[in-house]
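In what follows, a single structure is set out as structure tokens and then discussed.
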Amino acid sequence: VASKDETTESSEDEEHEGGALGGLMSYMKQKLNISGPQEPPVKVLSSLDVDGVVQHMKSDNCRNIITMAGAGISTSAGIPDFRSPESGLYNNLQKYNLPYPEAIFELNYFRKNPQPFFTLAKELYPGSFDPTPCHYFIKLLENKGLLLRHFTQNIDTLEYVAGISEDKLVEAHGSFRTAHCIQCRKLYHQNWVKDQLFSDHIPSCTECAGVVKPDIVFFGEGLPDKFFQRLSSDFPSCDLLIIMGTSLTVQPFASLIDNVPASCPRLLINREAVGESDSVMSMLQNLMGKSGGLQLKSPHNTRDVALLGDCDDGCLLLAEKLGWKEELDELIVAGKKNGTDEAKV
């Protein structure tokens, strides 16, 4: 039987942990003899808001920034994302007569019927769109010597158009820059595939007549080796993780957010809050001394900040607060000029 002092202490702990859920958590810790992390995470940000992130970025403690991006950073360029209601790509594929929307990116379906993919690819082919302020903000981070790596889910190659160095870029889902025959694996380059597409031909291998598929990752294919190599080498060194324009629902990309150190600040720039653990999962992860997902609403949050709204607006606001607005504007203007000059050639 617990003493009065022990009962009082237990009640106070339960209130501190957050009511019934916190009480259950404390009980399980005692029964399973799990103490959780030995030391509380170091709080790096002076405040859990954009100003706190900006102050951190200006400090000597922020030298290795990793950016993670999804389709949301390219929507203002005119490229649809995948899952937005009504405007998302998956909701506008009826004309392709697919058995289900995701089939257009499934390898087995592509082998049987590649025409829907190539029809869509012609509509969305790189070279028809310009980079957004988000892309140029990432390039500005590189110019400042702060960008450790940019991990992208996008296949639109707009990072390259914006001038981000190949060494700084990890295309988690591949890109259109190269292609291979799905039978003999002969290599082809983007311009050859583009010529085939815009001549309304399904790209066929000159060696074996197999279908030539751009090197984007379909469902059923593995991610590039570079993704896993950079994951292992980069994330332990990260001083700030910036997550932009992604639903954080596609694995293993979504789990990247949990690979930075426990004290590393994480900034989400997105139209809505994503990547948060539900209460039960969060409790179990806390029991094991781990942090799963963003902790934006958690009373235990020490590092996560959300800047909700359009990604371009978020990057422009960051640039302004950092005193970089003129430099970002110059990159955007120069990029548009280069695009216009190329179009005249």
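Just so it is clear, glycine is given a Cβ too, placed from its N, Cα and C backbone atoms.
Keep in mind that TrEMBL annotations are predicted by a computer and have not been checked by a curator.
Some features that TrEMBL has for this protein:
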- His173: active site, proton acceptor (ACT_SITE)
- 71-75, 81-83, 153-156, 246-247, 270-272, Cys311: NAD(+) binding site (BINDING)
- Cys181, Cys184, Cys205, Cys208: Zn(2+) binding site (BINDING)
- 43-325: domain 'Deacetylase sirtuin-type' (DOMAIN)
- 1-20: region 'Disordered' (REGION)
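The Cα of Thr246 (NAD(+) binding site) lies closest to that of His173, out of the recorded positions His173, Cys181, Cys184, Cys205, Cys208.
Counting in whole angstrom, Cys205 (Zn(2+) binding site) lies 23 from the residue listed as 'active site, proton acceptor' by their C-alpha atoms. Taking the Cα atom of each, Cys184 (Zn(2+) binding site) and Ser74 (NAD(+) binding site) are about 33 angstrom apart. The Zn(2+) site is set by Cys181, Cys184, Cys205, Cys208; from the centre of their CB atoms, other residues of the chain with a CB within 8 Å are Ile182, Gln183, Arg185, Lys186, Thr206, Glu207, Ala209, Gly210, Val212.
Residue density at Cys184 (Zn(2+) binding site): 11 other Cβ atoms are found within 10 A of its Cβ, drawing on all protein chains shown. Taking His173, Cys181, Cys208 as the recorded positions under consideration, the smallest Cα distance to Arg271 (NAD(+) binding site) is found for His173. Neighbour counts were taken as the number of other C-beta atoms within 10 angstroms of each residue's C-beta; across the binding-site residues Ala71, Cys181, Cys205, Cys208, the minimum falls on Cys208.
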